[in-house]
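All remarks here apply to the structure that follows.
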Amino acid sequence: MSQNLESVKNLLVFLGKSLLSVLEALLFHVISKPRKNVAGEIVLITGAGSGLGRLLALQFARLGAVLVLWDVNKEANDETHQLAREAGAARVHAYTCDCSRREEVYRVADQVKKEVGDVSILINNAGIVTGRNFLDCPDDLMEKSFDVNFKAHLWMYKAFLPAMIANNHGHLVCISSSAGLIGVNGLSDYCASKFAALGFAESMFIETLAKKQWGIKTTIVCPFFIKTGMFEGCTTKCPTLLPILDPEYAVRKIIDAILQEQLYLYMPKFLYFIVFLKSILPIKTGILIADYLGVFHMTEGFTGQKKKT
């Protein structure tokens, strides 16, 4: 009898907490969730030399964060450093680092800890795309894609998570992709690496919860194509439902998600619906929807980022 009462009690507590969490979510759809203050926080951004990484750096500069900029391209990263100073950042530190190389990550991470301090917001943003069909993609390019888009996240967490745990304070941000949610023709290696990055970030979120490390937050970002040049030549058949995203808009949404400690951010919002449909519809129906949205052909014109001359 006592065991049955305990089971009923646990069920009622579970239902009560579930109801409260749903009501809280509904409330924050009506009013904006409070945003945390990141002034003085040490924010490390990989791939800060261009595109999304640079724009994120400039936004955090305006918010008063201490910036740690990593990029494999020293010249581009130095340019971001200068722009961040002009945007009002009090302290900016730029480091040249190839995040695909584990030992280099650990070496530069040690340098950051000595020269700047404990990183409290880590944004794994660096990424590359080959844009080739699987059988046309050289093995070394596929390996590089995995090294940058996924394995670098492992080394970055290994380097900076221990201090976050010790301080019970930190925020882990994974820039994944809509290609980490749904397979895309012509992006097999990219999709695989982004699926892996998302799965890893989600697993680490669960791990921090299981260990009651409440002060460590996670945000996982899955955007559709962004006009940064990385996916130059890619198209969308349905721009109303799946628009190619403006970089400034994307960065504003990412910053808001971080400041509100939002776990998942999909852009555009239609992606939430697509992921839901993928889980419940028959496969033939899903294929029809993908065909209607032009998913099979959106990368056929891919040219990728043009190198500056």
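Going from the start of the chain as shown, residues are counted 1 onward.
Just so you know, glycine gets a Cβ as well, placed from its N, Cα and C.
For Tyr190 (active site, proton acceptor), the same-chain residues that are 6 or more apart in sequence and have a Cβ closer than 8 Å to its Cβ are Val129, Thr130, Gly131, Ser145, Asn149, Ser177, Ala179, Val184. What Swiss-Prot lists as active site, proton acceptor is Tyr190, and the listing cites similarity to another entry.
Around Val68 (NADP(+) binding site), the same-chain residues at least 6 positions away in sequence with a Cβ under 8 Å from its Cβ are Ile42, Val43, Leu44, Ile45, His93, Tyr95, Val112, Val116, Val119. According to Swiss-Prot, the NADP(+) binding site annotation covers 44-68, on the basis of similarity to another entry.
For the recorded site, Ser177 (substrate binding site), the DSSP three-state label reads coil. For Ser177, the entry in Swiss-Prot reads substrate binding site.
Among the features that Swiss-Prot reports, transmembrane segment is placed at 11-31 (among others), with the record citing sequence analysis.
The transmembrane segment annotation in Swiss-Prot covers 270-290 (among others).
Fewest Cβ neighbours within 10 Å among the binding-site residues Ala48, Leu56: this applies to Leu56.
For the recorded site, Leu44 (NADP(+) binding site), the DSSP three-state label reads strand. Cβ neighbour count for Leu52 (NADP(+) binding site): 25 (other Cβ atoms within 10 Å of its Cβ, all protein chains included). The secondary structure of Leu52 (NADP(+) binding site), as reduced to three states from DSSP, is helical.
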